[in-house]
Amino acid sequence: MNVVRSSSSQEYKTRIRTFFVLYFLQGLPHGLQSGFLPLFFRAHGMSLANVSLYKLLLIPWVLKAVWAPIVDLYGHKKLWLTWSLIALIFISVTASNVSPSDYTSLTGILFIFNLITSVQDIAVDAFLIDVLTPTQLATGNTAQVVGYKAGSLFAGGVFAWFIDLLSLRVIFITLAILYTLGLLVNITYLPYTDSAKVHQISPNAQQRTSTNNLVTGTVQPNATNQSQSLSHGDGRWFFLKMFETDGTLWMLAFMLLYKTGENGVTNLLPLFLLDEGVHAHDVGFWTGMVGQGMSILGSAVGGFIFTSSMTTSLQIQLTSRTVSVLFIWLSVLLWSSSFPFVNANWPPEVHTTHRAWHHIVAA
């Protein structure tokens with residue numbers, strides 16, 4: 001595959017901004033399903049068990065390694081991106097016409113939503129590695145993380161903050177508009193790469209391996225005879241190469257424990273606050289706007305630290321995460337309705353803003 005790499009400073013900056021937009025769009029479904037919809041369903045009387053079952057709709061993200069080789073080896077990355085964005089526009093418009101009480105249709109739509117977004121995620125990641133040089137990947141990774149969390153902040157924070165005013169129809173129409181803008185950005189600013197040849201590995205395979213080593217801090221060993229006996233175009237080759245990399249197993253175990261704890265805390269805390277009498281828009285503000293805002297700040301700082309020392313960055317971030325989880329645990333343990341933000345009285349200007357939005361949405 002002949003890759004069109006950034007050749008000038010201006011072109012490089014344009015591509016970084018473009019990838020930021022694409023990762024922003026990828027963060028929208030996550031914010032919607034982790035921040036807004038649980039609050040929306042719970043506020044409308046859905047049981048905690050049924051709210052939790054909606055997490056099964058994220059299965060396409062777990063299984064995306066199955067179709068990752070297909071996206072990586074067949075066709076243009078830009079073509080995958082273009083059609084995935086068109087599909088997301090269509091799904092968003094369809095969802096805007098579904099009744100909030102039609103849980104069956106909504107479930108099917110969200111599942112397809114996750115499936116398409118997981119394919120988009122693979123294509124964007126591969127495209128980023130193809131068009132950026134190794135020295136530019138650190139900045140690209142920062143754009144990836146911050147863009148994704150900004151999208152999650154918008155869908156899970158802003159939407160949740162105005163949960164009393166926004167209907168599902170307005171939300172999905174908004175998503176359709178954003179995906180349309182993303183489609184225009186993708187068509188305008190990202191280059192085409194030559195079609196990948198079946199049963200041939202991309203010339204950038206070594207760069208991708210180096211990128212994985214940069215992220216995990218591991219060194220790629222020599223391939224075993226088993227992986228060498230397979231064609232590079234064979235999907236099994238990717239899995240064998242992954243597990244032959246030193247540190248893969250402990251990294252998988254570490255990420256499983258880390259993500260289980262992180263998602264458990266971030267998903268259950270808003271529902272806990274809602275059940276304890278905190279207004280839904282207050283929960284959306286604190287856990288969505290403030291929480292995701294601090295997460296974006298942490299990602300930006302972490303990306304800056306990462307450019308100097310990966311080990312130092314990891315130690316700082318893990319320590320910060322441990323302290324924050326302990327604080328949340330103590331807050332839940334010592335919970336009292338006298339806490340200042342429980343049923344807090346917002347300043348008059350905030351109520352004025354909510355009323356103004358109410359009139360706009362009603363119109």
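Using N, Cα and C of the backbone, Cβ positions are placed for all residues, glycine too.
Range 318-337 is the one annotated as transmembrane segment, of 258-277, 318-337, 338-357 (source: TrEMBL). Looking up the ranges 50-68, 145-163 in TrEMBL, the one annotated as transmembrane segment turns out to be 145-163. Sequence-distant contacts of the transmembrane segment (169-192), counting only residues of its own chain at least 6 positions beyond either end whose CB sits under 8 Å from a CB of the stretch, comprise 4, 14-15, 17-18, 21-22, 24-25, 28, 32, 36, 76, 78, 81-82, 85-86, 88-89, 92-93, 95-97, 127, 131, 155, 159, 361.
Below 8 A, the CB atoms of the transmembrane segment (145-163) and the transmembrane segment (79-98) form no more than two pairs separated by six or more positions in the chain, fewer than 3 in all.
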